[in-house]
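Colleague: Attaching a single structure in structure tokens format; questions to follow.
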Amino acid sequence: MKEKVVLAYSGGLDTSVILKWLCEKGFDVIAYVANVGQKDDFDAIKEKALKTGASKVYVEDLRREFVTDYIFTALLGNAMYEGRYLLGTAIARPLIAKRQVEIAEKEGAQYVAHGATGKGNDQVRFELTYAALNPNLKVISPWKDPEFLAKFKGRTDLINYAMEKGIPIKVSKKRPYSEDENLMHISHEAGKLEDPAYIPDEDVFTWTVSPKDAPDEETLLEIHFENGIPVKVVNLKDGTEKTDPLELFEYLNEVGAKNGVGRLDMVENRFIGIKSRGVYETPGATILWIAHRDLEGITMDKEVMHLRDMLAPKFAELIYNGFWFSPEMEFLLAAFRKAQENVTGKVTVSIYKGNVMPVARYSPYSLYNPELSSMDVEGGFNATDSKGFINIHALRLKVHQLVKKGYQK
């Protein structure tokens, strides 16, 4: 009996060649296609996998789970890698790999396989998830396999092999970029973008309009949260209302994209040590992250917020590096969920030509006291108390300066 392998399959050149290669090595290949919001023809991908040699094909719609259990979870900690990247690709990978493991267990497969390269982050994200969820599964990673690397030294070898084996391929020179698309974002890498000094042409961007070409009228959205989770979006101009998590997120993508929101061009540090340039479009999540952070401003205790903010970079790093299923992630999420218990309320944001600006916020758990904050009303705050407060905090500064002067004599 042939040994079974579940292959994470996209329908592209690499994974199609890998599928056929695995078949020729004697494996019973089960292809698994994850729908996380990319604009693909999934029926065509399924047909291609079967024609290429897969014994069975799973096409899994993971979009809702992606929003509720992954994007919204990352939002709890305001996850941003290196202070800028909203982690659209990194957040999707553990979900894709988790479902792959579940299918392998259901099918009694001994192996899982993926088509991630040996230079990138995705190989780590996939394989750490496999290890965390089922250590008994064996991993086939062709782009780290000496036999595969000897046979396929580049894209030309892949194309020649595909043609020889009758694998349908689409080789286009129209978009010379490596792109990853899901519900949260689309990323653009490689090609001319590998030169960090190169200014991208407008045709790089496929989701968002240029901010300068966005509408001349602002869009006002009211975004409602419960315990830090988005539960409703209302367009205050046309009355559109969304409460279903998937529809809510798709609507934010739509509004953000047409208003030029969410573009990012950065050089980031990959986990394996290589620097990489990425151009990202993340419209909906950008709106959510800004609105969520604003609501925290009136609902979170100062010290809790500051402590969470200290942990947020580590949270983002764990996601980026592939440690979604890890003890340290469980620890952080428990703390973040506790910190979000009163992050309930609504924020109004003005969206205009690439900008997202909070203009109003309300929460039944607001810690903002208008009388205490007022410049005109004393509100029970004794201003003379500030004198002692300042003296206490100034004490160590005075001592430091006196000692410093003493050393200088």
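The backbone N, Cα and C atoms fix where each Cβ goes, and this holds for glycine too.
Annotations per Swiss-Prot:
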type: BINDING; residues: A8, Y9, S10, G11, G12, L13, D14, T15, S16, A34, G115; note: ATP binding site
type: BINDING; residues: Y85, N121, R125, S178, S187, E268, Y280; note: L-citrulline binding site
type: BINDING; residues: T117, N121, D122; note: L-aspartate binding site
Colleague: Restricting the comparison to the binding-site residues Y85, G115, S187, E268, which residue's C-alpha is spatially nearest the C-alpha of D122 (L-aspartate binding site)?
Modeller: G115
Colleague: Please report the three-state DSSP label of R125 (L-citrulline binding site).
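Modeller: In three-state terms, R125 (L-citrulline binding site) counts as helix.
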Colleague: Which residues, same chain and not among T117, N121, D122, have a CB within 8 angstroms of the centroid of the CB atoms at the recorded L-aspartate site?
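Modeller: These residues sit around the L-aspartate site: A116, K119, G120, Q123, V124, R125.
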Colleague: Are there residues of the same chain, six or more positions away from Y280 (L-citrulline binding site), whose CB falls under 8 angstroms from its CB, and which are they?
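Modeller: Same-chain residues close to Y280 (L-citrulline binding site) (Cβ under 8 Å, separated by 6 or more) are Y85, L86, G88, H185, I186, S187, H188, G262, R263, L264, D265, M266.
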Colleague: Which is it, of S16, T117, N121: the one of these binding-site residues whose Cβ has the most other Cβ atoms within 10 Å?
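Modeller: Of the binding-site residues S16, T117, N121, the highest Cβ count within 10 Å belongs to S16.
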Colleague: Measure from the Cβ of G115 (ATP binding site) and count the other Cβ atoms within 10 Å, all protein chains considered.
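Modeller: G115 (ATP binding site) is surrounded by 22 other Cβ atoms within 10 Å.
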Colleague: Please report how many Å separate the Cα atom of S178 (L-citrulline binding site) from that of S16 (ATP binding site), as a whole number.
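Modeller: Cα to Cα, S178 (L-citrulline binding site) and S16 (ATP binding site) are separated by 17 Å.
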Colleague: Taking the residues Y85, N121, R125, S178, S187, E268, Y280 listed for L-citrulline, what is the greatest CA to CA distance in Å, to the nearest whole number?
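Modeller: Site span for L-citrulline, by Cα atoms: 19 Å.
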Colleague: In whole Å, note down how far the CA of T117 (L-aspartate binding site) lies from the CA of D14 (ATP binding site).
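Modeller: For D14 (ATP binding site) versus T117 (L-aspartate binding site), the Cα atoms are 10 Å apart.
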Colleague: So, three-state DSSP: helix, strand or coil for G12 (ATP binding site)?
Modeller: coil
Colleague: Rounded to a whole angstrom, what is the C-alpha distance between S10 (ATP binding site) and E268 (L-citrulline binding site)?
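Modeller: Roughly 25 Å, rounded to the nearest whole number.
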Colleague: Fill in the CA-CA distance, N121 (L-citrulline binding site) to S16 (ATP binding site), as an integer in Å.
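Modeller: Here the two Cα atoms lie 21 Å apart.
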Colleague: Please report the number of other Cβ atoms within 10 Å of the Cβ of E268 (L-citrulline binding site).
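Modeller: A 10 Å sphere around the Cβ of E268 (L-citrulline binding site) contains 17 other Cβ atoms.
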